[in-house]
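Engineer: This is the structure I want to talk about, given as structure tokens.
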Amino acid sequence: MTFTETTTPTKPTFSLLFSSSSASNAAASSSLSNSSSIGSRPNHVLDLGSSIESLKLRLERTTRMGSEEKRRSPKIVYGDGGYVLEDVPHLADYIPNLPIVVHKDSPRGTHFRRAGPRQRVCFESDEVSACIVTCGGLCPGLNTVIRELACGLSHMYGVTKILGIEGGYRGFYARNTINLTPKCVNGIHKRGGTILGTSRGGHDTTKIVNSIQDRGINQVYVIGGDGTQKGASVIFEEIQRRGLKVSVVGIPKTIDNDIEVIDKSFGFDTAVEEAQRAINAAHVEAESTEYGIGVVKLMGRNSGFIAMYATLASRDVDCCLIPESPFFLEGKGGLLEYIEKRLKENGHMVIVVAEGAGQELIAESVRSENREDASGNKQLLDIGLWLSQKIKGYFAGKKKMAINLKYIDPTYMIRAVPANASDNVYCTLLAHSAIHGAMAGYTGFTVGPVNGRHAYIPFPRITEKQKKVVITDRMWARLLSSTNQPSFMSNREAEEANEVEEPQLQHWDVENSWVDEQDDHDYHSPAHNGSL
């Protein structure tokens, strides 16, 4: 989209009451002559001169006021198709020849189809036979999504055949189902967990698709994390291979918020809110004793979003450890040295650690086998317990600093709570977007907000990689500013980080290139993704 900047003329116009015609000059001379006969000519000449100076001052003042009004007026930019952008001011508006620094080959980004109701649908209400399944671990909001899917299908499209698949993927071929109606799901959003039950693993594509085909199901709603979405993608591919009229829709669920592309997953806000209780308890315990230390382990297998946001929200945390930011214990600049320093300064300390942080350090000191759960996830060692033991061992030899350490693990308490108000609203939007997409005939997609706009995202885009905290991003910088913790990266890791190639920047001439480039860099969706 190309935008053209326009400005509305705001300079005032003036009507001057002086004429340069000879008749007017003659009339003015006559008037002055007549006035002089009564001895008042000098005064009239003086008054006329004062009037001219006064008008000049008024003209200058009005012109300045017009310029100030122009600077205060909105910057309106008109684009193709009648689009109007109320833009923010830019330095180039009033500084000539300002050099602009832009990324030279900035991509326009990937766009996804906008979610929402469509004018044309591919299913009659009475022919729809929908099913809902929940897989993987528990998460706040599961029951809310189930409720809104059942109520949305019934109230918006008049669907009456809605099945709940019990026990995760294996429930398809174990023939465990329950009928879902708006009445039976009415109050389930107030409860934690999932009324359908859940499990890890049990994915047998052939058996699942056979069950879908035998039951006459033509809409499948799969609620789960990245592993579950991968399973849904395989189911969709098999259904597509068989040529079945079945829409397969994924609703992303992960309390870790590690699903790529989407802004966030449901349950995350609730998890951050509930984590505050554990952090507050750790802070009370720590500050109530001399050299008190509170260690809180939060969820975050591969991504530290919960730990990061809970730390920022708390303001009582002195150190946050996540999988994306390596750290080391002993030696100068290590974690143990920082803990000792902070205890001497404040007398107490609170540490928040994500469950996936420091796993390589535990592996070096503890012999462990690489075991996986039924979903294929690597089983993690308890970083919170291991870290607590290391801290106690370090201070055991320091008789002048007898620490009092409390370790809190609220993991399963957080997973089991009902969704808060924010997540309940979010779950409703996800469910309705999924229903509209399936009824319109779209399939093989996951719903979710992309840059604030709900969109339909193809399964491969969701499952190709996990979202992680970017430790060079502003949010992590905000956390470091809040906790005032140092970077625990080793010299080798720092050197590797410095070797990352910086994007090439070029200076652009405002007069020659700014109008052309601002479409690419100011008014377009962010480079990594967007929605239509």
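The backbone N, Cα and C atoms fix where each Cβ goes, and this holds for glycine too.
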Engineer: TrEMBL lists region 'Disordered' for one of the ranges 27-46, 47-66, 367-386, 487-506; which is that range?
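Structural biologist: The range carrying the region 'Disordered' annotation in TrEMBL is 487-506.
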Engineer: Round to a whole number and give the Cα-to-Cα distance in Å for the pair Asp256 (active site, proton acceptor) and Arg415 (substrate binding site).
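Structural biologist: With distance taken Cα to Cα, Arg415 (substrate binding site) is 10 Å from Asp256 (active site, proton acceptor).
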Engineer: Can you grab the distance from Glu355 (substrate binding site) over to Arg200 (ATP binding site)? Cα atoms, rounded to a whole Å.
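Structural biologist: Between the alpha carbons of Glu355 (substrate binding site) and Arg200 (ATP binding site) there are 19 Å.
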Engineer: Just give me the nearest neighbour of Arg200 (ATP binding site) among the binding-site residues Thr254, Gly300, Met413, Arg415, Cα to Cα.
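Structural biologist: The answer is Thr254.
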Engineer: Can you check which residue among the binding-site residues Gly137, Gly300 has the largest number of Cβ atoms within 10 Å of its own?
Structural biologist: Gly300
Engineer: Arg415 (substrate binding site) has how many other Cβ neighbours within 10 Å of its own Cβ?
Structural biologist: 20
Engineer: Going by C-alpha distance, which of the binding-site residues Gly137, Gly201, Gly227, Thr228 is nearest to Arg415 (substrate binding site)?
Structural biologist: Gly137
Engineer: Between Asp256, Glu355, which of the recorded positions has the fewest other CB atoms within 10 angstroms in the structure shown?
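Structural biologist: Ranked by other Cβ atoms within 10 Å, the recorded positions Asp256, Glu355 bottom out at Glu355.
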Engineer: Counting every protein chain present, what is the number of Cβ atoms, excluding its own, within 10 Å of the Cβ of Asp226 (ATP binding site)?
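Structural biologist: A count of 25.
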